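To start, the structure under review is shown below, and the notes come after it.
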Amino acid sequence: MSEWEGSDPLVIVRGEGCWLIDSDGNRYLDGVGSIWTNVHGHAVPEINQAIKEQLDRIEHSTLLGLTNDKAAILAKQLVDIAPEGITKVFYSDNGSTAVEIGLKMAFQYWQHLGKPGKTRFISFRNAYHGDTIGAVSVGGIDLFHAVFNPLLFKAIHAPSPYCYRCELCPEKNHNHCQKECLTELERLIATNADELAGLVIEPLVQGAGGMIVQPPGFLQRVRELCDKYDILMIADEVAVGFGRSGKMFACQQEGITPDIMALSKGITGGYLPLAATMTTQQVYDAFLGEYRELKTFFHGHTFTGNPVCCTAALASLELFNKKQILAALPPKIDYLAERLGHIITHDHVGDVRQCGLIAGIELVKNKTTREPYIWEERIGVQVCQEAQKHGLFLRPLGNVIVIFPPLVISLDELKLLMDGIEASIQTICSNS
Ligand code: PMP
């Protein structure tokens, strides 16, 4: 806080495509997609127009006892693009609550099924699911979460699939990976199965933990374990959903259907706050019953299903189709891979990780021993500050430089981004 008090942040007043423009007229390429959310760039005419028209119709009513046309149409479209078998939508307005709702839904599902002992959750170390109390309880990043420990419910934390710094594999090398983390996950699930309501996972990439990319097949195995031990799989697609991985949803990369899926961020193309917790007919049906049985899901926010936000989401989905956003991704993903393949040769780059148009570059003090830079050196912050001189806006995760641009970034812009990052790492790390 005291560091922040002395800081002088950029004041962004305008956006144009993938660019942010500050109050002095300086332009910065939005390298982190306005915190992992922007899909189509800023000030997109089609989305702006749709929002303006909706504002002239109605800005908000409520979903309590009513619905609105935009929320209903969007629900249908979300079901159409979701993994096979996900057919129901419950709205809220940010990623944390989308997860929170998933937790409550899973908990109550087992109560209705007559298994009241299934009350606990298993998640992963290095997981991030949001900043509300339930989401923090299943989170696994000590730096953010440890201070709140006395406030939290006790979740079980399995090892993070973090190959570069694996807790379990002595070689710490994904070429030798025996998936020890999955063996340990199964042991933890098997020991606690009678008490477990659900497993929560960020599919394919643990974002805030440092853009930690899971080994291929990891997610499929997690799905198998959830089936084998009869627990609900909650996929937190808040960051990885809406095209980031190269497919619309990360779960689709491994051909799996979770029982509950949390969405936010890219749902509106990154325009306005909206979230959805989607689920299957099976989970939904558990909440049906006679009036006197009181099978109600008690969870409602004032701005749930807001029609302006739903309109932005509909306009974004239309652009996904019209501009063939997913089909345009492979050359960008390949180019990013090529540049990361060069960046890894730098003396202070320990690991590079990529999934679709997401990447993390882990900076290390000593490449041979993998010794990290100490927190006080703020190496990630220094590199990102240097990158501002190259016209980039970036935000690190500790020693990891994050790449998470709008999906519509052009190849030329991606080149600018990678040139600037490479030059900034060279300037800052070569002297450290
Ligand atoms: N889950 C994941 C995987 C996230 O990355 C985030 C946000 N970074 C959240 C949940 C929380 O979303 P929000 O900030 O909208 O509450």
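Using the three backbone atoms N, Cα and C, a Cβ is placed for every residue, glycine included.
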Exercise. TrEMBL has Gly95, Ser96, His301, Thr302 binding pyridoxal 5'-phosphate. Which one of Asp30, Asp142, Asp236, Asp351 is in the same site?
Worked result: Asp236
For this session: Kindly point out which of the binding-site residues Gly95, Ser96, Asp236, Gly300, His301, Arg395 have a C-beta less than 6 Å from some atom of ligand 1.
Result: Gly95, Ser96, Asp236
Exercise. In this structure, which of the binding-site residues Ser96, Thr302 has the fewest other Cβ atoms within 10 Å of its Cβ?
Worked result: Thr302
Problem set entry | Fewest-neighbour residue among binding-site residues, criterion Cβ within 10 Å, set Lys265, His301, Arg395 | Arg395
Problem set entry | Inter-residue C-alpha distance, Thr302 (pyridoxal 5'-phosphate binding site) and Arg395 (substrate binding site) (nearest angstrom) | 31
Seminar exercise, completed: Largest C-alpha distance in Å for the substrate site residues Tyr128, Lys265, Gly300, Arg395, as a whole number, is 33
